[in-house]
Every structure is written in C-alpha cells, then in structure tokens.
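Quick look at what TrEMBL annotates:
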REGION    1-30  region 'Disordered'
DOMAIN    102-369  domain 'Orn/DAP/Arg decarboxylase 2 N-terminal'
MOD_RES   127  N6-(pyridoxal phosphate)lysine
BINDING   309, 310, 311, 312, 313, 314, 315, 316, 317, 318, 319  substrate binding site
DOMAIN    395-477  domain 'Arginine decarboxylase helical bundle'
ACT_SITE  527  active site, proton donor
DOMAIN    606-657  domain 'Arginine decarboxylase C-terminal helical'
Ligand SMILES: *Cc1c(COP(=O)(O)O)cnc(C)c1O
C-alpha cells in the first residue's frame with residue numbers, strides 16, 4: 001500500500017450515502033453571513049480543485065495558477081458591455097494547461113517516489129471534447145511531457161493527425177475500424193507520428209496486416225483486453241466479460257501466435273484496458289491495474305515485446321465535492337490515482353520479473369471538465385403564491401373549506417404539524433373537487449391555494465432544525481421552492497443533467513457576502529417540462545433545491561461549473577436553441593483578464609437550415625403571405641417592409657432570449 005502520498009480522507013466511503021433530512025440553515029445562529037459561509041454553502045473549495053474560489057468581495061473567481069485570479073462577473077459584464085448577448089460559456093485554456101500539468105506531475109512524482117523503472121505518457125481521448133481550443137490546449141500543454149492523443153473514429157483521427165505533437169507522443173487509434181481508418185493510421189506513421197492501432201476485436205488484426213503490407217508500412221499495434229475487473233459508478237458496464245470492446249485471454253494469445261508466424265512480434269507494443277469512465281472507488285482502479293499488469297506479464301511471457309501498458313480512462317471528477325464513492329464523486333485524488341497505479345504496476349512487474357512498462361492513461365474527463373463554465377442569466381422568478389395579503393380575505397361568503405384551511409394555518413404548532421399537514425393536503429384536494437363541481441369560486445380557490453402554501457411554509461420553518469423529518473414532508477422544500485427561469489437550454493448546454501442525472505455545481509457569480517434567502521429550482525427556456533434542474537450537489541446526498549438570492553435591480557447570473565467534459569459536445573438543438581456563444585479568456589496578473597476570442601452562438605437561420613429548410617425559401621414564403629395580407633388589409637400599407645426586416649433580423653439573431661439590459 002502506498003502511503004506516502006496519501007492525505008487523510010474525512011468523508012465516509014460507503015457506496016451510497018444515507019438519505020438525511022434536509023436542513024436549510026447553514027448559519028442557524030444569525031451571525032452575519034460571510035463569504036466563508038458562502039464558500040461552504042456552495043461547497044466551492046470541495047469541488048473546485050483550487051481552480052475557482054470565493055473572493056473576499058463575495059465574487060466567484062477563476063484561479064488558474066497561484067497569483068492569477070479574475071472575477072467571473074467582471075468577465076461577463078465586459079461581454080455584455082461589448083453588446084453581446086447571453087448565455088455564454090466561459091472557457092479558460094489556462095485551466096486545461098494546469099490540469100495537464102497536474103496529471104503529468106502527479107505521475108512523475110509517484111515514479112520518482114517509488115523508483116519506478118519506466119515513465120508516464122498520457123493520451124487525451126478527444127471524444128471527451130474535440131473543440132479546437134481544448135485539443136490545442138491539451139496538445140500544447142502536453143508537448144513537453146510527450147502527452148499524446150487518442151482517436152476513436154476516422155474523423156477524430158483526421159483531426160489528431162494535424163496536431164503538432166512531440167515525436168514520442170502516442171496517437172492511439174481506438175474504436176472499430178474499417179480499411180480507411182487503418183490506412184489513415186498507417187500514413188500517420190510515415191509522417192513520423194507514434195501512431196498505435198488498437199485491436200478492438202480479433203478480426204481487425206488481419207485487416208491491419210493486409211493494409212500494412214499493401215502500403216509497405218510497419219504498423220505499431222496495441223491490443224485491448226477485456227478485464228474481468230469492472231469500474232464503479234455509472235459506467236460500470238464498460239468493463240467485464242460482456243464489454244463491447246476487447247479480446248479475451250484466448251484471443252490475446254492467438255494475436256501473439258499470429259504475429260509470431262508473420263515474424264512481426266515487435267509490432268505489438270501496447271496492452272490496452274479500459275473499465276469505464278468516472279471510477280468513483282480507487283479500489284476498483286487498483287484491482288483492474290493489477291489484472292492488467294498480470295496480463296501484460298503473461299503476454300511478455302508468451303513472447304510479445306510490449307512496451308506500453310495503457311490503463312485507459314476513468315480518472316474521476318469530484319462534481320459534488322463529497323470525496324465519496326457516490327456516482328458524482330470519487331474517493332481519491334489525482335495524486336493518489338497516479339501513486340496507486342505506479343505502485344501496483346511496479347509490484348506485479350517485480351513479482352513477475354518483467355521490466356517496468358511505460359504507463360499510459362487515457363484521462364479525458366479529468367483534463368477538461370474544469371475549464372468551462374456556463375453563465376446563465378436569471379430572467380424571471382415564479383413560485384407558489386406567497387402573499388395572502390394580496391388576496392381577498394375570507395369572509396362569511398367564503399366557502400367553509402377556505403375557512404377550515406385558515407384555521408389549520410392559525411393553529412399549527414411543533415406538536416401537531418404532521419396532523420395539520422395531512423389535514424391541509426386533504427382540504428386542498430376537496431377544494432379542487434368542489435371547484436370542479438362549481439361550488440367553489442375562483443377567488444376562493446386562489447385563497448385556498450395560498451393558504452395551503454402558507455401552511456407548508458409554516459411547517460417547513462417549524463421543522464428546519466429537526467433531526468427526524470417524516471417521509472411525507474421530505475419534499476416540502478421542493479414544493480415550496482421558487483422557480484428561477486434561466487436563459488439557457490438544458491438540452492443544449494447541460495444534456496448530461498437530463499440524460500444521466502449528472503450533477504454540476506451551480507453558484508451565483510456574486511453577492512456571496514449576502515445570505516441567500518430563497519430556495520430555488522432552475523428551469524430553462526425550452527418548452528419541454530424536462531428542461532429543469534431539481535437536483536443539486538450536497539455533501540451527504542442530493543439536494544432538491546438551491547439557495548439563491550432574491551434578484552434585485554442588477555442582472556443576477558448563475559454559473560454551472562465542471563461542464564467541460566463529454567456533454568460539452570453532446571448538446572442537442574431541442575426547440576432550435578443553438579450553440580451558445582463562447583468567450584476564451586486568459587487571466588493576467590493583477591486580477592485582469594483578456595477575452596482572446598469571442599465566438600457568437602448559432603444564428604436562428606443556421607438552426608432552421610440544419611433541419612433541411614433554406615433561407616430564401618423562408619423569406620419568399622413570408623413575402624408571399626405579406627402580399628396577400630396587404631390585399632386583405634390585415635397588414636397596413638407601408639408595414640410590409642418593416643415586417644420583412646424584423647423577420648430577417650430574427651433569422652440572423654441569437655436563438656436565446658435577448659432582453660435589452662436597462
Ligand atoms: C471514453 C474513453 C476514455 C476516457 O475516459 P475518461 O474517464 O474520460 O478519462 C478513455 N479510454 C477509452 C477507451 C474511452 O472510450
């Protein structure tokens with residue numbers, strides 16, 4: 001067991017965290033709310049990995065390296081001042097650089113610490129984020145470490161081949177391959193790139209040998225092995241005997257035999273394994289690496305001349321900052337990950353008297369998640385009716401049910417709240433039934449519903465410090481929560497939240513020296529009722545609501561963090577909300593920053609055309625209708641031009657809400 005690089009873990013390692021009742025107040029003693037409280041409330045130090053912090057002024061700052069910091073709010077303000085519209089994604093290439101360094105230096109430190117005989121050479125699997133700024137930042141930051149790239153399709157390979165890479169850096173070709181893919185990979189070797197073709201299924205070997213002969217290029221190959229070990233968390237199924245990719249032990253030995261017959265044993269250079277993404281439990285990593293290294297040693301014993309042991313991806317990101325094996329977390333650090341891999345490989349190689357291989361990892365998520373932040377402006381707040389005073393009070397004409405509810409409200413105590421709750425739920429049901437039958441008027445219904453909400457609020461207040469909360473009251477916060485309507489599309493910008501319940505830390509960009517007074521859920525501007533966020537990070541579990549400030553005169557912005565892996569390139573055009581504008585930002589000394597590049601989001605026209613329509617066709621159709629409308633006089637003479645101009649302007653406009661900021 002490597003212990004030297006360990007830091008003590010505080011959180012529990014139990015695989016699923018116990019549900020504990022919601023406690024709303026982080027600051028029960030009514031001491032002034034400080035930025036320290038805010039950092040704790042939103043758990044910024046826990047999930048940010050040091051790349052973001054809450055400043056003394058109560059603003060979220062990006063902190064790409066010691067001494068460099070810039071408030072996100074200032075960056076957004078500058079974007080708005082330039083006349084650009086929100087939402088926007090802020091990208092920080094410096095954070096990618098920092099992550100690449102951190103990963104490589106963690107492995108280097110472990111290698112030095114244990115006196116490991118080989119070195120580390122990572123590859124970045126570009127499927128995690130193929131964006132130019134991401135791939136180029138990884139390639140540039142990784143150059144001196146000979147950190148390479150991994151392609152999983154022809155298109156990805158075409159992109160990777162064009163990158164400037166260290167001559168030793170690996171370019172791994174994973175995924176199922178046709179002849180075109182293989183040829184492109186072989187041409188890559190003639191260009192002086194260290195391209196390694198991974199055999200994902202046995203039949204690919206013949207294909208590769210045939211193409212290599214035809215082109216007269218000596219290939220370098222890896223072989224993917226189906227470990228019986230599995231990952232943990234959401235992608236557990238990626239490993240194990242039923243995995244989609246990889247060869248079994250028998251097929252592995254056949255590859256060696258076949259290459260021996262061809263006198264090409266030296267072309268098999270890598271053993272490749274991958275047990276899935278976001279491995280939450282470090283023990284799974286160790287078990288898998290042990291099995292992989294035993295397999296490596298077995299292949300060497302069979303005569304293969306391997307050089308690289310590729311342990312695949314899986315290095316996690318602690319989205320909720322809980323340091324547990326919960327699916328949105330991980331119970332280890334990057335340093336511990338590197339140390340445990342180096343230690344395990346060394347231990348097995350020593351026992352099997354096999355030279356220490358070059359360790360390759362295909363870490364993707366861990367390199368790119370931190371660099372991107374989605375900025376969502378809050379455009380409106382809706383919620384359960386709060387102010388009974390705004391409604392007509394119950395009088396002798398009010399229905400008895402309304403009077404009953406009023407009585408419940410007045411009489412709630414710490415002793416009877418459960419009974420009161422059940423009565424109120426029953427009364428509300430009756431209220432609605434009576435309304436349907438015509439016995440309750442619309443004003444009575446309004447008052448009854450407001451009374452119901454008031455009852456729930458009163459109960460929520462009574463139980464907020466209780467240790468034990470009855471099951472039926474656990475959802476109270478969610479029912480009472482305000483809906484913060486944010487100018488973004490969940491399906492375009494945070495699709496993993498919708499598709500696989502991924503959690504992303506969400507934090508207001510400023511006012512963090514002010515106590516948030518509201519409990520909120522977030523809804524997007526699509527017409528889809530799934531377009532909402534009702535799960536938020538929590539140290540013990542998942543929270544149903546997010547504490548937020550009452551929006552004031554100044555625009556109120558929320559940041560969704562750690563969104564730069566996978567889902568960053570999966571966005572879908574639901575409701576024709578298109579790609580979001582992006583700002584690439586470099587932080588400079590003295591709290592200053594440069595917006596190096598601003599890329600406007602997709603225009604409505606682009607979204608419409610992507611569905612097979614053509615712009616001239618649309619314009620003609622509108623013009624024809626306008627002509628007809630002139631004739632029937634529904635359109636006033638002289639208005640046609642204005643209508644067509646407005647229409648044309650929207651075609652060229654941003655697909656998100658564009659409010660003039662006053
Ligand atoms: C997706 C993928 C990765 C990336 O895994 P992360 O968990 O993002 O590091 C690595 N290797 C293979 C084969 C993959 O398919």
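Each residue, glycine too, has its Cβ placed from N, Cα and C.
Note that the coordinates shown come from a computational prediction; the quantities given were computed from them, not determined experimentally.
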| query | Which of the recorded positions 311, 313, 315, 317, 319, 527 have a Cβ less than 6 Å from any atom of ligand 1? | reply | 313, 315
| field | Integer Cα-Cα distance in angstrom, residue 313 (substrate binding site) to residue 527 (active site, proton donor) | value | 37
| Among the recorded positions 311, 315, 317, 527, whose Cβ has the fewest other Cβ atoms within 10 Å? | 527
| said: I want to check the contact list for residue 309 (substrate binding site): same chain, sequence separation of six or more, C-beta distance under 8 angstroms. What comes out? | reply: 270, 271, 292, 293, 296, 345, 357, 358, 359, 360
| query | If you count Cβ atoms within 10 Å of the Cβ of the residue listed as 'N6-(pyridoxal phosphate)lysine', leaving out that atom itself, what do you get? | reply | 17
| DSSP-derived class (H/G/I helix, E/B strand, else coil) of residue 309 (substrate binding site) | strand
| remark: With the fewest other Cβ atoms within 10 Å, the residue among the binding-site residues 313, 319 is 319
